[in-house]
């Protein structure tokens, strides 16, 4: 494959060595910790089987069509999300920046989940497992219970205490920062080292790593399912998972959670899949990739659901309480409940090691894509400037990883679990729905379904079928709009273990939220301010896509630090009939 880096799409853009590598990378990105953590948690909180109905409706009518849309944009334009969105709709070019911003914000705190998995992995090479009993220095003996005892009011399990008092050494709340957890700090550094050496060569190195990271988790999930299905009480957990509580369907929150899970899990509106598909060959069959990624993602979620809920049933059997009464909140699903379950399995250390290796693989795949979207956007925008000073793309990747590592340090403080939950609440639910709404408006309504269909026809030789065209034009935008409205109207403040965060922390959460979506109005204002003519003329120009050939030719010749919004110069010149602007022009 070619390895020459260029600022824009073109024949010199790096390509996947084999197309299966893109498919596996897309599956690896979509199939992540969200499948074994967020999906079962939201399903559990939403009444078990009742969650599956809106989940599959959202998958078919929103998830698959919008994934097809994003892969089409990336592959056709051969650009990352910033430049792709700026081309299809200059007025909403800020959506592209917002997708990159939200991916970068998420990768700064998402890697702490891998950090915890590394801690558990290294702690698993001993027997008995350290969270298997209450006879440890970190246990609070008066309210600790082992896994075979019935829990009484006020007691916590040894697994909970290991996570809270040994791994996190957590403080009493978000207002008590505590000290740096040096063990977690070193493991966070190790996690970023793994990320860097997996992607520093771009798609050439990532494509090789995903053969293992995308496939190995399925081996472990199947082994765990076979083992769990034989545990006492497992059937009760599975029943809770597949039998709906029908009254839950009347709760709007269940539908909002289902939509948020689809967007988070598949990766829609995060820019990563646009970035990854931009390295495809022009005539790659993206419809097959769309179906492979989305269906595999959902099948994995269901498989993980059976694994997790069979473990829930086992835990309810051990504690002699209903499945619905288990204490599950946020990361506790992965780092408390499940370790608590396999602590009593035969050959417990082996299951622990395999499980946490699986978690690390799932987390790494998602991190690859979130970091890659940032690197791709930087190289597309100011690649020549970066290479002028850093000489090689590998140093640009190192700069991105180092910055994300430093920003992630607050999450390995003793109050790190609180900052993690705060950022995840405002980023993964609130921000993503706003960005998805404006992305759909930009592509489906302003750029238009006819143009999008023509792009597909140019690549694949035939237009998308009627189902996709109707979904792009009406169904998907309608669902996204409704979900966004109810997300705002029924918004609930962030909380952890039932404790609502104080107002100042909620304020920080909204600042984190705005750090991504603020680029949308800023981009619109910048476009209207820079264009020439009356307001009406500028408005018309701002919603008019412009020539791919003109932009590609000019952008390969011209670059500068002002290229955060490089395409606006092309808009001005393409409508004014002028040649490319002077290199002294500032935007």
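One is the number of the first residue shown, and numbering goes on along the chain from there.
Cβ atoms here come from the backbone N, Cα and C positions, even for glycine.
The structure displayed is predicted, hence computed values, not measured ones.
In TrEMBL, the feature transmembrane segment is placed on 180-197, out of the ranges 162-179, 180-197, 234-251, 324-341. Transmembrane segment is the annotation TrEMBL gives to one range among 209-226, 533-550, and that range is 209-226. Checking TrEMBL for transmembrane segment across the ranges 425-446, 557-578 points to 425-446. Taking TrEMBL as the reference, the stretch among 20-39, 140-159 described by the feature transmembrane segment is residues 20-39.
Of the two recorded stretches, the transmembrane segment (254-279) lies close to the transmembrane segment (466-488), with three or more CB pairs under 8 Å once pairs fewer than 6 apart in sequence are set aside.
Same-chain residues lying 6+ beyond the ends of the transmembrane segment (395-413) with a Cβ under 8 Å from its Cβ atoms: 104, 107-109, 111-112, 115, 177-181, 184-185, 188-189, 192, 195-196, 199-200, 371, 374-375, 378-379, 386-387, 419-420.
The transmembrane segment (94-122) and the transmembrane segment (508-531) are in contact, since at least 3 Cβ pairs between them lie under 8 Å (pairs 6 or more apart in sequence).
At the 8 Å Cβ cutoff, the transmembrane segment (425-446) and the transmembrane segment (466-488) share at least 3 close pairs (sequence separation 6 or more) and count as touching.
Contact between the transmembrane segment (180-197) and the transmembrane segment (20-39) is absent: fewer than three CB pairs lie under 8 Å, with pairs separated by 6 or more positions in sequence. When Cβ-Cβ distances below 8 Å are used as the criterion, the transmembrane segment (51-73) is approached by residues 42-43, 84-85, 88, 242, 244, 248-249, 254-255, 257-259, 261-263, 266, 268-269, 273-274, 277, 286-287, 289-291, 293-294, 298, 436, 440, 443-444, 452, 455-456, 459, 464, 467-468, 471-472, 475-476, 479-480 of the same chain, each at least six residues removed from its ends.
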